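Peer 1: One structure, pasted below without further comment.
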Amino acid sequence: QECKCHGVSGSCTLKTCWVTLPHFREVGYALKDKYEQAVMVEAVRGRRHVVPTFLKLKIPQNNSKPAETDLVYVDRSPNFCEKDNATGSIGTYGRFCNRTSTQADSCELLCCGRGYKTFQYTRTGQCHCKFHWCC
């Protein structure tokens, strides 16, 4: 919730408050935490029901049903490191990576623990520069 005061010289004779969403980064961190703690479930059908009546944990822990706040999944995610024609994933083998990056192009993420070779290269080309005499 955020509030703003209205009044002469900053006095708070009238206060307006409204509900706001959390910052985008906070939402991202919360979703990532949920993703890392997601649980695999399977659908359970009632005796005469075609539609599943509830979900239960695939690997039971203390209780057999996931909490309402749990992030759940039915199928495991494919391994995007390896080529998989069934899912259309081309894998990451042979991709260029950035050794110093911490983003999606980092060698740590793209190489999937296989290691990587480093090399340097020089690129020459037109810079389309212009010289302007100013003084």
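Just so you know, the numbers here start at 1 and follow the chain as drawn.
For all residues, glycine too, the Cβ spot is worked out from N, Cα and C.
Worth saying up front: this structure is predicted, and the values here are computed from it rather than measured.
As listed in Swiss-Prot for this protein:
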- Cys3-Cys17: disulfide bond (DISULFID)
- Cys5-Cys12: disulfide bond (DISULFID)
- Cys81-Cys112: disulfide bond (DISULFID)
- Cys97-Cys107: disulfide bond (DISULFID)
- Cys134-Cys135: disulfide bond (DISULFID)
- Asn62: N-linked glycosylation site (CARBOHYD)
- Asn85: N-linked glycosylation site (CARBOHYD)
- Asn98: N-linked glycosylation site (CARBOHYD)
- Ser9: O-palmitoleoyl serine (LIPID)
Peer 1: Measuring Cα to Cα, how many angstrom lie between Cys3 (disulfide bond) and Cys12 (disulfide bond)?
Peer 2: 11
Peer 1: I want to check the contact list for Cys107 (disulfide bond): same chain, sequence separation of six or more, C-beta distance under 8 angstroms. What comes out?
Peer 2: Cys97, Asn98, Arg99, Ser101, Tyr116
Peer 1: Quick one: pull the CA-CA distance for Cys135 (disulfide bond) versus Cys12 (disulfide bond), whole Å only.
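Peer 2: Counting only the Cα atoms, the answer is 55 Å.
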Peer 1: When you put Cys17 (disulfide bond) at the centre and draw a 10 Å sphere around its Cα, which of the recorded positions Cys5, Ser9, Cys81, Asn85, Cys112, Cys134 have their Cα inside it?
Peer 2: Cys5
Peer 1: Hey, which of the disulfide-bonded residues Cys5, Cys12, Cys81, Cys112, Cys135 is the loneliest by Cβ count within 10 Å?
Peer 2: Cys135
Peer 1: Which residue, out of the disulfide-bonded residues Cys3, Cys17, Cys97, Cys134, shows the minimum number of other Cβ atoms inside 10 Å of its Cβ in this structure?
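Peer 2: Among the disulfide-bonded residues Cys3, Cys17, Cys97, Cys134, the lowest count of other Cβ atoms within 10 Å belongs to Cys134.
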Peer 1: Give the three-state DSSP assignment (helix, strand or coil) for Cys12 (disulfide bond).
Peer 2: coil
Peer 1: Check the Cα-Cα distances from Cys5 (disulfide bond) to the recorded positions Cys81, Asn85, Cys112, Cys134 and tell me which is shortest.
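Peer 2: Closest by Cα: Cys134.
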Peer 1: Give the three-state DSSP assignment (helix, strand or coil) for Asn98 (N-linked glycosylation site).
Peer 2: strand
Peer 1: Look at each of the recorded positions, Ser9, Asn98, and point out the one with the fewest other Cβ atoms around it within 10 Å.
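Peer 2: Lowest Cβ count within 10 Å among the recorded positions (Ser9, Asn98) is Ser9.
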Peer 1: Just give me the nearest neighbour of Cys134 (disulfide bond) among the recorded positions Ser9, Cys12, Cys81, Asn85, Cys112, Cα to Cα.
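Peer 2: It is Ser9, whose Cα lies nearest.
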Peer 1: Work out the three-state DSSP category of Cys135 (disulfide bond).
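Peer 2: Its secondary structure by DSSP: coil.
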